[in-house]
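Here's the structure we're looking at; comments come further down.
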Amino acid sequence: MGGSSRARWVALGLGALGLLFAALGVVMILMVPSLIKQQVLKNVRIDPSSLSFGMWKEIPVPFYLSVYFFEVVNPNEVLNGQKPVVRERGPYVYREFRQKVNITFNDNDTVSFVENRSLHFQPDKSHGSESDYIVLPNILVLGGSILMESKPVSLKLMMTLALVTMGQRAFMNRTVGEILWGYDDPFVHFLNTYLPDMLPIKGKFGLFVGMNNSNSGVFTVFTGVQNFSRIHLVDKWNGLSKIDYWHSEQCNMINGTSGQMWAPFMTPESSLEFFSPEACRSMKLTYNESRVFEGIPTYRFTAPDTLFANGSVYPPNEGFCPCRESGIQNVSTCRFGAPLFLSHPHFYNADPVLSEAVLGLNPNPKEHSLFLDIHPVTGIPMNCSVKMQLSLYIKSVKGIGQTGKIEPVVLPLLWFEQSGAMGGKPLSTFYTQLVLMPQVLHYAQYVLLGLGGLLLLVPIICQLRSQEKCFLFWSGSKKGSQDKEAIQAYSESLMSPAAKGTVLQEAKL
């Protein structure tokens with residue numbers, strides 16, 4: 001009896017423990033999603049106490065700017081009206097460092113800051129050096145000629161004579177460093193003297209002269225501390241709640257974030273919106289597919305076909321016009337009238353007429369499309385590759401001899417890629433705190449529930465087995481009594497007189 005009693009108490013103890021585990025599992029199922037959400041919101045908001053604040057303040061991920069040039073192989077033939085032939089040169093790679101300074105938290109749940117940016121050439125990652133010479137269109141001559149097209153003949157003649165005097169030609173042969181970071185040009189001085197509002201610069205002229213050791217202006221964004229629904233959204237840029245470069249209210253809107261973090265808890269229906277001062281507009285990327293980056297689940301967002309579509313293909317983009325072929329965006333209104341166009345590299349996803357007008361272009365999605373891989377729970381980018389091309393519209397301008405017989409064409413100048421992928425300690429910390437721990441909690445709730453269910457079966461099984469033993473005992477006892485009664489009855493029948501006589505008769509026979 002003692003052993004049976006102990007077994008019964010053990011079974012009851014295991015059952016109680018199972019009930020406790022099951023209750024904990026149910027509580028976790030009800031509470032864990034809310035706890036995870038609170039933990040994520042606590043760590044992605046712009047607040048000095050949040051886990052992501054240091055990452056937001058100074059990007060710890062190695063970020064690179066890779067530049068590819070379209071060298072013009074046949075400049076003399078282009079001047080005589082032939083189709084341009086280009087050859088891609090590069091990449092020329094720069095390590096990009098970004099740090100937010102002048103961080104000021106405001107009373108309306110926003111924070112203002114300036115993000116300083118510096119670029120450092122990486123010879124080991126580049127195919128060439130900054131001293132490489134490259135033949136490109138002379139933007140000052142050909143771009144300036146377009147701007148002078150509607151000017152009086154006298155001004156055109158003055159410009160032609162000035163170009164001859166200064167030895168300026170339609171195409172130039174300069175180093176990578178000069179093209180990107182600037183060079184002294186007497187023509188810049190001439191334009192600033194006689195057409196003072198034509199150029200935004202007073203010193204050196206270069207395509208990226210304002211990108212190094214500089215910033216993109218003052219951003220004011222929502223922190224998400226008081227109102228989670230607006231987290232990371234841009235409130236103002238340089239004090240403006242909208243821009244005035246374009247011809248419609250929609251195109252002038254400042255939408256989305258500053259392009260570094262987005263709101264958490266994304267779904268495949270979510271989109272990535274951000275404002276780019278360099279592109280002078282807001283952009284929207286759409287969900288493409290689910291992926292895994294270094295063990296972390298991500299959503300890949302890519303550019304829709306409508307991003308650079310013209311107004312006839314996509315009416316909401318009409319405000320960015322005057323437009324040319326679909327797939328390129330005229331950015332002259334925010335580049336002081338210079339006939340510059342923004343697009344995907346090699347005119348990928350643009351009207352084929354554009355790539356067919358220039359020999360040497362080979363657009364393909366693998367090499368020339370852009371993407372951002374975002375962790376959907378936190379809205380933090382894990383891997384990104386943003387690619388853009390800058391092109392110049394050139395043609396012969398009557399009255400300016402340097403433009404020769406150039407046929408109208410949108411000629412690519414260069415394309416660049418800004419890329420970065422989270423790794424090292426930041427990736428490890430991110431994975432542990434915001435991926436691994438939520439996963440452990442998620443699975444723990446079901447483990448507890450399952451284990452609790454199994455332990456609850458122990459006393460039930462023991463009870464059933466105990467009842468079975470009792471049944472067998474009583475069944476056995478009843479059967480034994482019946483057998484004894486049968487034997488006794490048989491014995492008594494043998495001892496009766498009638499039975500004895502029968503037995504004697506059988507013996508005599």
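Heads up, the Cβ atoms here are built off N, Cα and C, so glycines get one too.
Source: prediction; values computed, not measured.
Noted in Swiss-Prot for the protein shown:
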type	residues	note
TOPO_DOM	1-11	topological domain 'Cytoplasmic'
TRANSMEM	12-32	transmembrane segment
TOPO_DOM	33-440	topological domain 'Extracellular'
CARBOHYD	ASN102	N-linked glycosylation site
CARBOHYD	ASN108	N-linked glycosylation site
CARBOHYD	ASN116	N-linked glycosylation site
CARBOHYD	ASN173	N-linked glycosylation site
CARBOHYD	ASN212	N-linked glycosylation site
CARBOHYD	ASN227	N-linked glycosylation site
DISULFID	CYS251-CYS384	disulfide bond
CARBOHYD	ASN255	N-linked glycosylation site
CARBOHYD	ASN288	N-linked glycosylation site
CARBOHYD	ASN310	N-linked glycosylation site
CARBOHYD	ASN330	N-linked glycosylation site
CARBOHYD	ASN383	N-linked glycosylation site
TRANSMEM	441-461	transmembrane segment
LIPID	CYS462	S-palmitoyl cysteine
TOPO_DOM	462-509	topological domain 'Cytoplasmic'
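Features per Swiss-Prot, on structure.
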residue	record	CB count, 10 Å
ASN102	N-linked glycosylation site	11
ASN173	N-linked glycosylation site	13
ASN212	N-linked glycosylation site	17
ASN227	N-linked glycosylation site	12
ASN255	N-linked glycosylation site	15
ASN288	N-linked glycosylation site	17
ASN310	N-linked glycosylation site	23
ASN330	N-linked glycosylation site	20
ASN383	N-linked glycosylation site	20
CYS462	S-palmitoyl cysteine	18
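Averaged across the topological domain 'Cytoplasmic' (1-11), pLDDT in this predicted model comes to 63. Here the glycosylation sites are ASN108, ASN116, and the one whose Cβ sees the fewest other Cβ atoms within 10 Å is ASN108. Recorded residues ASN173 (N-linked glycosylation site) and ASN212 (N-linked glycosylation site) have their alpha carbons 23 Å apart, per Cα-Cα distance.
When the recorded positions ASN108, ASN288, ASN330, ASN383, CYS384 are ranked by how far their Cα is from the Cα of ASN102 (N-linked glycosylation site), ASN108 comes first. Counting in whole angstrom, CYS251 (disulfide bond) lies 13 from ASN330 (N-linked glycosylation site) by their C-alpha atoms. You'll find the Cα of CYS384 (disulfide bond) roughly 25 Å from the Cα of ASN330 (N-linked glycosylation site).
A gap of 10 Å separates the Cα atoms of ASN310 (N-linked glycosylation site) and ASN330 (N-linked glycosylation site). Considering only the recorded positions ASN116, ASN255, ASN288, CYS462, the residue whose Cα is spatially closest to the Cα of ASN212 (N-linked glycosylation site) is ASN116. When the Cα atoms are compared, ASN330 (N-linked glycosylation site) and ASN255 (N-linked glycosylation site) turn out to be 20 Å apart.
If you take the Cα of ASN383 (N-linked glycosylation site) and the Cα of ASN108 (N-linked glycosylation site), they are about 32 angstrom apart, rounded to a whole number. When secondary structure is read from DSSP and collapsed to three states, ASN310 (N-linked glycosylation site) falls in the coil class. Looking only at Cα atoms, ASN116 (N-linked glycosylation site) sits nearest to ASN255 among the recorded positions ASN108, ASN227, ASN255, CYS462. Considering only the recorded positions ASN108, ASN255, ASN288, CYS462, ASN227 (N-linked glycosylation site) has ASN108 as its nearest partner by CA-CA distance. Of the recorded residues, ASN108 (N-linked glycosylation site) and ASN255 (N-linked glycosylation site) place their C-alpha atoms 18 Å from one another.
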